[in-house]
Amino acid sequence: MDSSASPAAAAATPAAAADRYTYSPRLRWQPQVEEYFAAAYGRDRFARISEALAHPSCYSCIRVNTLKSSTDAIMHKLMNLVDHNGLCGGINGLEIGQQNGGEQAHEGSSVVHKCPYSGLDNVLFVQGSGPHALHYDSQPDQSIKEVIVSRKCAESVLRGAQVYIPGVLACSSHVEKGDKVAVSVAIEQPAEDGGWTVDTHYEERKGLYIGQGITAMSRSGIFRVPHGVAVEMTERVYKLPSFNDVLEGEIFLQNLPSVVAARVLDPQPGERILDMCAAPGGKTTAIAILMKDQGEIIALDRSHNKVMDILKLAAEMDLNCIKAYKLDALKSVRKTNDAKYIGEAGSRTDAIVTLAENSEPCINKVDAGITNASEDSSTTSVVHTDNKRPDDKRYVSKADLRKNLRRMRNGPGRNNCSGGRVENSKGFLPNSFDRVLLDAPCSALGLRPRLFAGEETLESLRSHATYQRRMFDQAVKLVRSGGVIVYSTCTINPGENEALVRYALDKYKFLSLGSQHPKIGGPGIVGSFELSTKKYTEEWLTEHESQLVQRFDPSSSLDTIGFFIAKFDVGQNDN
């Protein structure tokens with residue numbers, strides 16, 4: 001598509017215009033996937049779930065850093081921000097329905113409320129509103145100017161973001177800076193080759209208008225510069241609060257089920273916890289706060305930048321018990337033939353450790369005077385002495401030495417990290433953690449708002465499930481007897497949720513489902529699914545097992561993302 005092409009003209013009649021300028025998305029699924037979900041949920045329930053997924057939740061969930069402030073103090077600060085700074089963009093107080101015994105707020109009260117659910121006393125809700133019927137024909141003598149954005153851009157705008165330049169696909173002609181424009185979204189459509197394509201034709205955008213705003217630059221400027229704000233939204237279908245640079249370090253914007261998952265893990269001060277897929281660090285920091293920053297949390301991600309994000313968030317929240325490493329979670333268990341002795345063991349009983357476990361993340365330095373080597377040295381390795389542990393020695397490669405010398409010369413990077421360096425890990429010893437959180441990478445079919453789901457097939461859903469089983473196998477090896485594993489996903493796919501639980505219970509007889517607190521989600525799915533070809537049967541849960549997990553339905557009164565949590569108690573493993 002030509003990114004600078006103009007949209008089609010507006011509809012001729014008022015009735016057609018009213019039908020067009022609405023927000024009434026329909027989430028498309030691959031036919032076999034739709035049949036699979038209909039079999040799992042029932043056709044009517046899945047239709048409600050599919051509709052809910054295309055809309056954002058009507059509130060924002062805030063987790064308070066109780067090590068820096070109290071819930072009451074943060075609530076007071078947020079109320080002042082709403083009153084004086086328009087944090088919520090002029091949203092009026094709205095009624096929160098009474099759910100699970102929670103207290104009901106009344107019309108006209110503050111938009112900031114304490115979470116009504118037991119066990120979540122550090123959580124606040126900031127209420128939004130929507131969907132709103134907007135009037136795009138405020139200037140009847142002029143044609144409506146439009147900006148068409150990508151689906152991913154629109155999903156962000158529906159959650160409160162502005163329209164940024166990379167998300168703009170097309171724009172009406174003669175748009176100048178300061179013009180009022182309607183913002184619509186182009187959704188992927190079926191292509192002739194059986195795939196999906198994006199176009200900006202009129203019919204394909206019918207019912208997909210997400211608001212209007214003021215252009216921050218002209219049409220030519222939008223397609224000339226690579227980044228920046230293109231449209232500042234003034235009216236939105238959904239009005240949700242913005243928390244950009246608000247109370248940094250004191251609060252964290254997090255989906256309610258994610259807060260619950262950290263609580264279900266029930267970490268205790270002094271324990272050693274593993275967060276296997278930790279980025280961006282929301283659950284990691286939640287666990288650290290529950291532990292009162294006492295103990296050790298190992299946070300893993302295979303992306304350098306994401307590990308940096310974890311460390312940055314921990315620094316913002318003044319949390320010291322978090323150590324973040326770059327490591328693929330599928331390689332979490334250390335291979336015994338990779339174990340190394342570091343220096344002289346002395347009285348240490350755990351002499352076989354990983355280099356990463358025995359080092360300080362992000363602050364390693366090399367003393368050039370001690371190594372007596374220059375950046376251009378041809379020495380292949382040098383002895384490194386740590387001033388904090390003079391008895392510990394290890395060999396450093398020439399390449400690592402050059403990097404460390406450059407960092408010393410250039411000084412520390414952001415967050416006081418030496419050149420933005422993160423530590424790699426070669427894995428961890430079996431049975432070395434008290435608790436493990438596996439918030440597994442998944443199909444993410446529970447995230448809201450979601451405007452397109454056609455890329456997922458039954459085969460891709462099964463591949464996600466296979467990947468998660470391999471990760472779970474690693475988690476089982478790393479947790480000690482008497483420990484806990486919490487498994488969670490942000491998808492509605494039972495193959496990645498209930499089927500994983502079935503796999504875990506059938507393969508590892510020393511695992512059992514534990515009770516969860518808090519328990520505000522619904523039960524899991526019971527039964528099984530068999531493909532029409534009968535080549536594959538997917539087993540789910542029994543009635544008793546379904547009551548021990550919790551599933552968050554996006555169409556329920558909780559109004560959350562789709563999410564799943566299972567807690568496993570680890571018994572004595574005789575293997």
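Positions of Cβ are set from backbone N, Cα and C atoms, glycine also.
It should be emphasised that the depicted structure is a prediction, and the values quoted were computed from it without experimental measurement.
According to TrEMBL, the protein carries these features:
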| type | residues | note |
| --- | --- | --- |
| ACT_SITE | CYS490 | active site, nucleophile |
| BINDING | CYS277, ALA278, ALA279, PRO280, GLY281, GLY282, LYS283, ASP301, ASP328, ASP439 | S-adenosyl-L-methionine binding site |
| DOMAIN | 181-571 | domain 'SAM-dependent MTase RsmB/NOP-type' |
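Calculated from their C-alpha atoms, the gap between ASP328 (S-adenosyl-L-methionine binding site) and CYS490 (active site, nucleophile) amounts to 20 Å. Here S-adenosyl-L-methionine is bound by CYS277, ALA278, ALA279, PRO280, GLY281, GLY282, LYS283, ASP301, ASP328, ASP439 per the record. The longest Cα to Cα distance in that group is 19 Å.
On the backbone, the CA of GLY281 (S-adenosyl-L-methionine binding site) and the CA of the residue listed as 'active site, nucleophile' stand 15 Å apart.
Counting only residues at least six positions away in the same chain, the Cβ atoms of ASP301, SER303, LYS306, VAL307, ASP309, ILE310 sit under 8 Å from the Cβ of ALA279 (S-adenosyl-L-methionine binding site).
CYS277 (S-adenosyl-L-methionine binding site) and CYS490 (active site, nucleophile) are 13 Å apart (CA-CA, integer value).
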